[in-house]
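> Sending over a structure as structure tokens; questions will come in a sec.
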Amino acid sequence: MTTSAVRTPSGRDIRRFTAATARTRGGAGIGELLGDVYYAFITSAIGIGMAVGVVNTMRDALPPSSAAPAAGPDLSLPGLAALTVLAFVGVLLSLAGRLGPVGVGGAEATWWLSLPVDRRGLLRPVAVRLPLVAGAVSAVLLVLIDLGLRAQSGETLDRVLRVGAVGGLGAAALVLLAGVGQSFGAVRRRIATAGNVLLGLVPVLALVGGYSGWRPGDLPTPAPVIVVVLAVVVVAAGLLLDRRLARIPARDLRDSGSVASQAVGAMVSLDSRELGRALTDGAAPTRRRRVARFSWVSSAATALVAADLAVLRRSPRHLVQVVAAACVPAVVVGVRQIAVPGVLAAAFVVSGYVAMVATAEGARRAEMSPVLDRLLPLAAARVRTLRMVVPGVVMLLWSIAAFAAVARLEGDLSSWLALAVLSTPVWAGAAVRSAYRPSPDWSGPLVSTAAGALPVGVGGVLARGPDTVVLGLVPTGIAIVLGFVTPHLLIAQVVTSAIALAVGAHITTPKSVHA
């Protein structure tokens with residue numbers, strides 16, 4: 001009696017079987033697949049074309065660069081572009097640490113990781129997914145930045161290809177090296193921290209460069225040897241990561257995959273708060289070496305404020321975000337070619353909103369899990385008001401730094417600092433309003449759009465918070481555009497700040513389903 005040997009399937013076979021089963025149950029054919037690919041290609045091409053048009057328009061609107069350095073800190077536009085690329089490297093490294101970069105989540109982690117098969121065959125597509133995405137995005141972004149430089153108005157195809165190759169290969173190499181570090185047991189939190197530190201150094205380097213007279217001219221065209229070296233690094237890092245895929249612990253793969261799945265789900269559902277929680281919790285330490293002593297907490301109100309302060313202090317990413325955003329107005333003022341009222345006003349609002357979002361992490365967590373809000377003997381409106389304390393204090397410091405930069409350009413420091421104090425409540429009210437906004441209702445009727453089906457009223461949901469900033473800072477924006485502060489603008493700012501505080505503390509009663 002003979003028995004035939006049963007061949008154990010490889011990891012590649014398991015992966016192909018899973019994909020075939022998913023295609024069978026999905027019901028989509030080759031026509032739907034080609035349609036999705038065509039739609040994605042056309043959408044990407046239209047987006048890139050629009051971005052190139054905007055960049056060319058902005059480049060043509062820039063005034064010519066002055067050969068003689070101006071008084072005070074002065075940073076050239078190519079120098080700002082180089083620092084922008086460095087900031088993008090920090091963001092990429094931080095995301096690579098938070099997302100894995102190698103991980104599996106959901107059903108794949110439950111079934112695949114428990115099988116007695118070669119794990120390399122299972123993880124190969126997962127390991128190259130993030131490097132490919134990072135390389136494609138970086139190539140397009142670097143080309144757009146290079147096109148935006150006025151000195152490079154005579155752009156050639158050879159330079160565009162080299163810049164794109166350097167951007168794509170450099171980003172892919174960075175993510176692959178982060179994956180190699182993950183295979184050697186590097187803590188993902190430390191990789192993300194390295195990216196945060198690099199991102200925090202960018203505004204510091206900009207200020208140091210502005211005061212030290214660092215004004216680089218036209219950025220040189222990347223040499224072919226740089227492209228070759230980066231390609232070799234990508235191949236070597238990819239081969240090394242492929243050989244060490246089986247050594248990544250299953251727990252690390254599950255953690256990375258769960259963070260990536262949570263982030264993708266948040267992006268699909270248009271929930272920016274859930275996306276922030278996924279990226280923050282993915283790199284948070286499981287244990288604290290130091291125990292905070294809340295000796296100054298003496299009441300329910302101070303306990304709520306202390307909780308918000310502890311959440312902000314324990315999130316290095318948000319602290320770096322606030323510091324970096326505080327330096328943006330100073331950097332814009334230091335670059336003479338873009339130090340115009342319109343650009344300065346836009347930079348003020350955008351950087352302020354970025355800093356404001358970082359200060360409201362405690363309120364966002366309370367919206368998801370209002371445990372402390374329910375335990376403390378405080379009214380709901382009182383809780384909303386107390387949630388504005390930490391964002392208000394932090395944004396006051398941010399406003400002082402930002403308006404000091406504006407005063408260096410326009411003069412009259414005392415008036416601008418007064419406007420900084422009076423406009424701070426707008427940021428506090430907008431932070432709480434944005435944190436407590438409802439989630440999009442996907443159970444209701446949907447509207448067909450170019451971006452897919454979206455729930456009715458999603459625009460109004462996403463506008464909660466930004467609407468308060470835009471409307472509440474109208475007097476401030478007028479002052480920045482005019483270049484001076486008047487008593488009437490200060491009075492108007494007091495009125496809009498009071499309205500923003502009232503809106504932030506307002507409790508919206510949910511409508512009954514049977515109404």
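Just so you know, glycine gets a Cβ as well, placed from its N, Cα and C.
Unlike curated records, TrEMBL annotations are generated automatically.
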> Pick from 160-179, 300-319: which range does TrEMBL record as transmembrane segment?
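In TrEMBL, the transmembrane segment feature sits at 160-179.
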> State the residues, same chain only, that lie 6 or more residues beyond the ends of the transmembrane segment (126-148) and have a CB under 8 A from a CB inside it; answer 'none' if no residue qualifies.
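Same-chain contacts beyond the ends: 48, 51-52, 55-56, 58-59, 81, 84-85, 88, 92, 96, 99-104, 155, 159-160, 163-172, 174-176, 179, 219, 234, 238, 241-242, 245.
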> Does the transmembrane segment (469-485) come near the transmembrane segment (342-360), with 3+ Cβ pairs under 8 Å (pairs 6 or more apart)?
yes
